[in-house]
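S.K.: Below are the features I grabbed from TrEMBL:
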type	residues	note
DOMAIN	61-324	domain 'Fatty acid desaturase'
TRANSMEM	30-50	transmembrane segment
TRANSMEM	56-77	transmembrane segment
TRANSMEM	185-204	transmembrane segment
TRANSMEM	224-249	transmembrane segment
Amino acid sequence: MTHNYEVVKTSYIRKEIMDYNKNLRNKHKWLKYQNTIGLGVLLLFIAFFITSSTLFVYGYLSWWACLLLNTFFISIVHEIEHDLIHNLYFRNNKTIHNLMMLTVWLVRPSSANPWMRRKLHLDHHKTSGTPEDMEERIVANGTQWGLLRFFLSIDLTLSLIKLAFELRSSTNKGQLIKLGLKSFLPVTLLTWMLWYCFLIFNAIDLFFNLSGSPILWSEAQLAFIHYLNMATVILIGPNILWSFCLHFITSNIHYYGDIDGKNMIQQTQVFNSIWFLPLNLFSANFGSTHSIHHFVVNEPFYIRQMSARVAHNVMKENGVRFNDFGTFRRSNRWSKK
């Protein structure tokens, strides 16, 4: 009886959001050019990314401003990738579709190969909140909060290794490792190797400088580090910051373990509190709008942003949780007992 009631509420939420989206499209005729909008947004934010990076390289923009701006630009590019995974742009033109997918991966190389991620993400919609939901488990959803989860929320490669150790079946371990290699080679693993190289070198250099015995690096080493530092400000650092913001939000708005996987009302919550503003800023407002996506999958990200106010009202009226901070101490379990 309870399950049937939840199904009715879910259908009502979906209908209200879809009706509003239909009205949006009738009111704003330009929304029908979905392919053009998707490609245009991607190219526009790539242009913004290149502009801020160029200004930094030539000394017209501080390193921290470039890093923060590029993090924001990357977050929008990621939304385009998410829409591409759902085949919302150039479904019938595989050449442009795949070129867009490749462009996205090169701009945010800290994440998995988008072609490999497609299956994981589509499975996520079928298995959300259950042990079979590998996409969310890889970003530490359901794990007890602590220092380990903090690092797991940033580094997908580290999280994948931990998850492989937790799986009991050797077959499942092998499948997960194979999936990881296909998803992370070569771009993602190279990005994370460069990130740790940046951290280790600068930590060693700082330690010996503070100790009064600075290391005399060779010209080749200094040249390599100069370009690595530049790449970290422009691309690697923004990717790491974006990864943390997105993974922190997504792993905590999804409930895990004690829910009915088919009950969309229990699958997610909404994070739109002012406390989440910095994280939402660098994840394209993910905490506020992703729950909408679970109810209406086949709409692009900008439609979710436009319909958020109406969607939030109907979702809240029908039992979707908002800003449930208790999820952090409950390891993302639904039950508050």
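Positions of Cβ are set from backbone N, Cα and C atoms, glycine also.
Heads up, TrEMBL stuff is auto-annotated, nobody curated it.
For each feature listed, report its degree of burial, its nearest neighbours and the pertinent distances within the displayed model.
M.R.: Same-chain neighbours of the transmembrane segment (56-77): 41-42, 45-46, 48-49, 104, 107-108, 230, 233-235, 237-239, 241-242, 245-246, 281-284, 286, counting only residues six or more beyond its ends whose CB sits under 8 Å from a CB of the stretch.
Proximity of distant same-chain residues to the transmembrane segment (224-249), defined by a Cβ-Cβ separation under 8 Å and at least 6 residues beyond the stretch ends, is recorded for 53, 56-57, 63, 66-68, 70-71, 73-75, 78, 107-111, 139-140, 153-156, 191, 194-195, 197-198, 201-202, 217, 271, 276, 278-283, 286-287, 290.
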S.K.: Which whole number is the mean pLDDT over the domain 'Fatty acid desaturase' (61-324)?
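M.R.: Taking every residue of the domain 'Fatty acid desaturase' (61-324) together, the mean pLDDT is 94.
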S.K.: Given a Cβ distance threshold of under 8 angstroms, which distant residues of the chain, six or more beyond its ends, lie next to the transmembrane segment (30-50)?
M.R.: 24, 69-70, 73-74, 76-77, 80, 83-84, 88-90, 93, 96, 100, 103-104, 107, 300, 302-303
